[in-house]
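Remarks on the structure that follows.
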Amino acid sequence: MGLRNTLIVMALLLSVSTVPFSGAASLKSHAFFNETGELPCHFPNTQNLSLDELVIFWQDQNKLVLYELFKGQEKPNNVNPKYIGRTSFDQDSWTLRLHNVQIKDTGSYQCFIHHRRSQGLVSIHQMSSDLIVLANFSQPEIRLIANQTEKSNIINLTCSSIQGYPEPQRMYVSLNTTNSSSTYDAVMKKSQSNITELYNVSISVSFPIPPETNVTIFCALQLEPTKIILSQPYNIDAKSPVPSPPVPDHILWIAALLVTVVVSGMVFLTLKKRKKKQPGPSNECEIIKVEEKESEQTAKRVELQEPERSDEVQCDVNISKTASDNKSATDF
């Protein structure tokens, strides 16, 4: 009995493989990684046939059987090992559910329904569908890179997202302030797992930030033209003006002492110059006598003008007076 059923299924597969798919466009369905995908058959069953009268099976683009229902009984012996235990048939909707979907399950599938009649099996329905498997990328994460450029307001960061499929189109960083917005692109680094076929992606960027205003940074992962995943905002507050450090007390004391010394020196020099400009009586007399000897004109002027000689007389008087005063002081 088992051999007979196997031969029947093989004959069906051979006959189907030589028949092109129906002209109707394939129905596209989406499933998420590790979840359940649906492979519809949409059999109208206008004749209200029971499952006991039908042979139903699905196969993938490589002609591998996912599921077989022969006269109402499942036939796991004809199912490819990679699909065993992963399918379930919904009799109400004529849909096959594929569980624990993997990225490698992406592709085209066909369902076939044959009516068992007295003259043999007759193909009465056929449908193809495309299964698209997706995996949600994690929310992008921003991480700062330690650097030596903080004083120049340059920020270095990385943005990463993991475990997604298919490969995203773009990854970039957006910098926003109160009055402006800037976008920074970078080459997207990607790696793909050989087992799960999921992608990990990241970028590294460097850019200046204005220190005088608050800044909000986002990392964006663009999956499709209209589908973008944003990171949590990364906020940088405006820097407060750095106050001048207080001058130490000992420096103030030293400065005050230096000012005092400088002022005192200037006063001393000024007084010293004034004293040099005020010669004594004896010096004045000697200067006058030298001038009289060196110039005959001066002598003539002295003879003609009595007031000019008064200086010499006055000098003699002063000298005599000084000498008498000193003598008086000695006698006392």
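Glycine is treated like the rest: Cβ placed from N, Cα and C.
Marked as compositional bias 'Basic and acidic residues' by TrEMBL: 286-312.
According to TrEMBL, the compositional bias 'Polar residues' annotation covers 317-332.
Confidence for the domain 'Ig-like' (20-128), expressed as mean pLDDT, is 92. Per TrEMBL, domain 'Ig-like' is recorded for 20-128.
The region 'Disordered' annotation in TrEMBL covers 276-332.
The annotation signal peptide is assigned in TrEMBL to 1-24.
What TrEMBL records for 251-271 is transmembrane segment.
Helix, strand and coil content of the domain 'Ig-like' (20-128), in residues and according to DSSP, is 12 helix, 53 strand, 44 coil.
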